[in-house]
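*Asks:* Below are the structure tokens for one structure; questions will follow.
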Amino acid sequence: MAPQTTASCTGSTLLQPISEIINLPLDQVNFVASQLFALLMAVWFRLYLHPSKTSPFIRHVVATLLGFYLALFCFGWYSLHFLVQSGLSYSVMVFAGLEHMHKYCFIVTLGYLILCQITRVYVFDYGMYSADFTGPMMVITQKITSLAFEIHDGPTCSYNDYMAFIEGTGYQPRHQENANGKENGKYKQSEPSSKNDVISKLCTCAISLAIYLSLCKLLPVEHSIDDDFVNSTPFLHQVIYLYLAMLALRPKYYFVWTLADAINNAAGFGFNGYNIDGSPRWDLISNLRILDIEFATSFKMFLDNWNIQTALWLKRVCYERCAINPTAATFLLSAMWHGVYPGYFLTFLTGIAMTMAARAIRHNIRPYFLVSDSYKCIYDVITWAWTQVAISYTVVPFVLLAVGPSLKFYRYLIKMCVNINPGPK
């Protein structure tokens, strides 16, 4: 694929020569460069703007300015949408009454996000991911609405975590808790280091990026709806190909989310207590567990370990509060939050059916396999294979985006299933 022209990237054009040399779109080059710069700044932030050396106000200001500079570098004037969305939401929280503030804030914040997604998709660049400024807005939507709901409910959990990081108090409660209340417990001796976790996550990023760049063009998902491929390939081989294509696609997300986690850890944010062996845990804001995803034996287990922070947000603001069919409502909200491509809605509507089917199978069939370890092992292998296939078929429209290719994929799937089980003649 040829690199983008500078006109199609609203951010900085400083790295355009590099984009042309390595044959990658400029917006992707800008994103990776900004993340690497953020990693260096995170180390500097922890060393030279440590809470023991400077005030929370300075840490707030520096973090805000760095964040907005990187937003301008990647998205140009589109970054103003971040300020508008935050400003509107803050005004709602200030002027609306506590009783309904969280609902109004949710409607305004999500509504502005959807408005921006509609204009980006249907007015400017349908099907293109260049300079997708709505990506950061999705995260802002989570943070703002979470804060509004937490203020309404009483406990401000996620906000307290951030303030503890800024003020340098994030380690104290966990130190004491894990040191059995001893004032001189060994965990109070020094601030825990995130070095090992950062290095480990950066290695994961490197491996994920290498796998993605090596396989993404060899195993395109679009090939699964190619007429020649479908007509000439046995159904089982099509299933295996689709699984491998999705397996090759996931490392892109592993790279992005793990790198973001490493950057936060390098700055000192993300400490989550200690393991049994006394080693520090830095997974407070981690967004995925790769091994639990790849070896998931249920649809729920896969979703619980994929995009973890989004799953927690959906649970807090929707699933736990919806009186009527919370599962369907949560999937629908997830589709709306992701964007306005039809493929997103097809994926999450399919996800509702898959979730219901998985629950029924687990409730009615699983007990028969718990009679012995060998039966349980067989059940785990079967459900692992089913989960991977189910996830692959569910996510295809999410990747294809448009209605036509997505429906074409499902037509081929139905045709194949009918041919395999023709029924009585």
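The backbone N, Cα and C atoms fix where each Cβ goes, and this holds for glycine too.
TrEMBL annotations: computationally assigned, not manually curated.
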*Asks:* Can you check which of 236-256, 341-361 TrEMBL lists as transmembrane segment?
*Replies:* 341-361
*Asks:* Cβ under 8 Å, sequence separation of at least 6 from the ends of the transmembrane segment (101-123): give me the contacting residues as numbers and ranges.
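*Replies:* For the transmembrane segment (101-123), the sequence-distant neighbours (Cβ-Cβ under 8 Å, at least 6 residues beyond its ends) are 81, 84-85, 88-89, 92-93, 132-134, 137-138, 140-141, 144-145, 148-149, 151-152, 317, 336-337, 339-341.
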*Asks:* Going along the chain, which residues at least six beyond the ends of the transmembrane segment (61-81) come within the CB cut-off of under 8 Å?
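*Replies:* Distant contacts of the transmembrane segment (61-81): 10-12, 27, 30-31, 34, 37-38, 41, 45, 49, 112, 116, 131, 133, 136-137, 166.
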